[in-house]
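These come from TrEMBL:
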- Cys525, Cys528, Cys565, Cys568: Zn(2+) 1 binding site (BINDING)
- Cys534, Cys537, Cys552, Cys555: Zn(2+) 2 binding site (BINDING)
- 293-462: domain 'Helicase ATP-binding' (DOMAIN)
- 560-719: domain 'Helicase C-terminal' (DOMAIN)
Amino acid sequence: MEHFINVILPIPLEKLFTYSISEPESRFLQPGMRVAVPFGKSKIYTALVFEIHTTPPEVYEAKEIHKILDDTPVVNTIQLQHWRWIADYYMCTLGEVFRSAMPSAFLLESETLILRNERGEVDESDLKDDEFLVYEALQHQSMLRVDEVSAIVDRKNVLPILNRLIEKQVILLKDEIYEQYKPKLVRYVKLGTAYQSEGKLEELLQSLTRAPKQSQVVLSLFQLEVKDKKPIKITDLEQMSGSSKAVIKTLIDKGVLEEYHIQVDRVNYDGTAGDFDLKSLNEHQQKALDEIQGSFDGHKVALLHGVTSSGKTEVYMKLIETCINAGKQALYLLPEIALTTQLISRLQEYFGEKISVYHSKYSIHERVEVWNNVLAKKAKAQIVIGARSALFLPYSNLGLIVVDEEHEGSFKQFDPAPRYHARDAAIVLSNLHGSNIVLGSATPSVESYYNSQTGKYGYARIDRRFGDVLMPDIELVDLKEQTRKRRMKGHFSERLLEEITDTLDNGEQAILFQNRRGFAPIVECTTCGHSPQCPNCDVSLTYHQFKKQLRCHYCGHHIALPEICEACGSPTLDTKGFGTEQVEHEFKKLFPDAKVGRMDLDTTRGKYGYEKIITAFEQQELDVLVGTQMLTKGLDFRNVSLVGIMNADSLLNFPDYRAHERSFQLLTQVAGRAGRTQKRGKVIVQSFNPYHQILKQVSTNDYLGMFKEQLYEREQFLYPPVNRIIKITFKHKNYNTLNDAAEWFAKGLRTIFRAGILGPEYPPVARIRNQYLKNVIIKIPLGQPLGKTKNSIKRIENSFNAISQFRSVRVIYNVDHI
Ligand code: ADP
Ligand code: ZN
Ligand code: ZN
């Protein structure tokens with residue numbers, strides 16, 4: 001009998017691919033093991049065994065596998081089911097899920113790979129345009145193949161670029177086909193065996209009297225041994241003795257010291273381990289906890305709706321404690337930007353070494369370590385805290401999932417596929433494990449609140465802050481009036497200035513929020529109205545004062561700020577609109593004595609980017625922090641009594657059906673950073689439209705009012721949660737081809753669905769990296785079977801792909817687009 005395996009390849013194939021295996025291999029292999037397989041003319045891929053069987057493929061001759069890469073499965077069957085669901089629901093392939101779910105170190109291929117150099121400090125302004133593109137791509141993807149780099153910079157020979165990037169320490173190359181995961185070894189020293197006895201030691205010190213540096217090292221080693229009674233790291237010895245590596249090396253060479261290695265995990269906790277008891281909950285928290293428990297008992301998802309600083313985190317911790325006491329694993333999911341040291345150390349205080357952290361800023365090796373620890377059910381990975389990708393770890397007995405800040409849009413992956421929503425995929429995962437799941441937020445998404453109202457989810461609410469701290473006092477300031485009365489200094493109203501002055505006088509801190517990074521997003525000529533555009537994308541370039549550059553936020557293209565208008569030649573370029581950098585700049589002029597920091601994408605690159613700024617603010621080295629929405633999330637600063645929202649209008653005017661919901665959430669969350677201790681916090685919201693319904697709802701903390709109004713609108717216009725939407729994006733270099741293609745597809749959809757098809761329509765930015773874009777939106781009534789609908793769409797795509805002129809048009813599905 002012949003034996004075969006169906007494997008998942010890490011590429012977008014519609015079907016699983018079949019390979020032939022020997023009889024002994026068929027007895028050894030199990031689903032979830034990796035195999036190296038040949039594909040196409042010359043490629044080798046890491047593939048994952050999905051099933052083992054005896055049916056040969058019909059249309060091709062099955063090739064043999066090259067090599068088995070694992071002794072035991074690295075992916076379990078629950079994961080495979082979960083991936084299947086993600087691929088089906090979000091209309092992508094299992095290969096795409098596979099590629100995105102596993103740490104890339106598990107997926108190495110035969111071609112040369114380009115990785116980012118985690119150690120290099122990159123000066124972006126030093127990079128040429130094409131170099132910058134590669135660098136940017138590596139911010140989103142941990143590795144690239146050479147052909148992918150070719151596609152990014154749009155040229156064949158990319159070796160010169162790669163060589164320059166290696167020189168600038170931006171990238172590293174990897175040639176090994178199957179690089180083994182290398183555990184991290186730490187170097188330790190001890191006294192050479194010959195000198196272990198007491199008499200010998202004295203002799204040694206005698207002999208070293210002429211070498212004071214060396215004897216200092218030996219003495220320090222002694223002191224360290226006495227003090228810690230632990231193995232001594234070479235680095236510690238260096239520090240303690242104040243001597244150089246060379247001196248220590250001499251002693252090792254002489255045999256006085258002996259060097260040895262101990263394997264350590266990169267992600268290690270080195271504080272006092274979980275010695276603290278959990279805080280006892282107050283009555284409101286306890287009630288919420290009971291209600292959540294009640295939902296769990298009824299096998300329902302629980303929604304915890306608690307105002308900012310109501311103590312939700314403490315409630316989660318109780319749930320986690322119960323879960324791990326039952327010997328199960330717990331997953332704490334957070335949006336990437338909320339993953340702060342603050343929260344991690346808070347959890348570590350209680351759970352100590354049981355916690356592992358998993359997110360995209362960690363290196364490939366760190367991620368492999370966490371993966372393996374979860375796979376081996378190690379105690380140190382019993383609680384995983386992570387961003388959306390932590391959903392893909394190989395849990396075997398998950399007891400609880402916490403989805404904190406569940407309303408956050410960044411839980412939805414935008415690019416590349418799978419374009420999944422981590423909250424929704426978490427609910428499915430909890431079903432597969434039979435585990436509990438709680439969604440928490442101060443400002444639940446309209447969907448989740450709706451589900452709690454219809455009885456699909458359980459619901460618990462805490463509507464006062466812990467310790468009866470008052471909700472902040474929110475004051476709306478009318479910018480129109482202030483401008484008319486000439487009360488503005490730059491972008492600061494008189495009221496805001498007064499409040500800042502008071503705050504600083506009291507030795508308290510303030511946060512200033514502006515929803516845009518950069519200095520003044522757009523530069524415009526006051527003579528002819530021209531504003532410099534990106535040559536590759538249909539957007540105006542954004543001004544960054546610090547580097548005196550104009551940059552495209554879509555493709556990374558940048559130029560030096562021109563002196564004169566390129567259209568009319570006048571020296572009258574002026575800035576329009578404003579960003580965080582300008583707020584910081586104006587603030588410094590107005591308050592030269594105050595210390596101000598800025599937190600946005602530009603200042604927080606790198607693994608410890610956020611931490612540095614947050615710590616500085618926390619330790620009150622900064623008086624004021626200016627930032628984008630990055631500072632709304634999960635931060636708990638004790639001394640902040642004022643939050644200033646520089647301009648609420650840009651949020652409200654966003655052209656999207658969710659703009660109002662999102663504004664409410666964002667503003668409430670930012671306001672929630674104020675006054676988390678006894679003194680009532682103050683929030684100043686500046687707006688040209690202070691009578692806007694949403695601003696009123698924010699200032700009176702009227703979530704329900706917001707929900708009702710938004711739900712009414714969604715019902716009127718058939719948007720979620722009363723309908724589902726699928727967005728299809730078409731992409732092509734040629735404008736006419738794109739238009740024809742999108743029209744053809746939309747027509748096909750209309751013949752099948754009749755109602756509910758919007759578009760094709762250009763998005764606000766209709767060309768990115770020289771590709772034109774057009775969207776079609778399909779609204780699907782909740783009663784309509786989703787599987788059938790998707791099959792119909794796929795059938796249209798198949799006929800579409802049969803038209804030669806359209807074959808090169810990319811079709812991208814985004815299910816539940818938000
Ligand atoms: P949320 O997650 O709802 O924003 P937190 O859990 O961060 O709220 O709680 C706000 C503050 O109140 C934190 O500093 C937290 O330590 C404190 N706190 C919350 N619950 C308790 C409790 N039961 N006992 C003591 N302090 C608490
Ligand atoms: Zn001009
Ligand atoms: Zn661009």
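Note: Cβ is positioned from N, Cα and C throughout, glycine not excepted.
No curator has checked TrEMBL annotations; they are predicted automatically.
Feature annotations (TrEMBL) mapped to structure.
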residue : record                : DSSP (3 states)
Cys525  : Zn(2+) 1 binding site : strand
Cys534  : Zn(2+) 2 binding site : coil
Cys552  : Zn(2+) 2 binding site : coil
Cys565  : Zn(2+) 1 binding site : coil
Can you go through the binding-site residues Cys525, Cys528, Cys534, Cys537, Cys565, Cys568 and pick out those with a C-beta less than 6 angstroms from ligand 2?
Cys525, Cys528, Cys565, Cys568
Neighbouring C-beta atoms (10 Å sphere around the C-beta of Cys555 (Zn(2+) 2 binding site)):
22
In Å, rounded, how far does the Cα of Cys568 (Zn(2+) 1 binding site) sit from the Cα of Cys555 (Zn(2+) 2 binding site)?
26
Looking at the binding-site residues Cys525, Cys528, Cys565, which ones sit with their CA no more than 10 Å from the CA of Cys537 (Zn(2+) 2 binding site)?
none
Give the subset of the binding-site residues Cys534, Cys537, Cys565, Cys568 lying near ligand 3, defined as CB under 6 A from any of its atoms.
Cys534, Cys537
Check the Cα-Cα distances from Cys528 (Zn(2+) 1 binding site) to the binding-site residues Cys534, Cys552, Cys555 and tell me which is shortest.
Cys534
Please work out which residue of Cys534, Cys537, Cys565, Cys568 has the most C-beta neighbours within 10 angstroms of its C-beta, and give that one of the binding-site residues.
Cys534
List every residue in the same chain as Cys552 (Zn(2+) 2 binding site), at least 6 positions away in sequence, whose Cβ is under 8 Å from its Cβ.
Cys534, Asn536, Cys537, Val539, Leu541, Thr542, His558
Between Cys525 (Zn(2+) 1 binding site) and Cys555 (Zn(2+) 2 binding site), what is the CA-CA distance rounded to a whole number of Å?
23
Which one is it: of the binding-site residues Cys525, Cys528, which Cβ has the fewest other Cβ atoms within 10 Å in this structure?
Cys528
Give, as a single whole number between 0 and 100, the mean pLDDT over the domain 'Helicase C-terminal' (560-719).
84
If you measure Cys555 (Zn(2+) 2 binding site) to Cys565 (Zn(2+) 1 binding site) at Cα, how many Å is it?
22
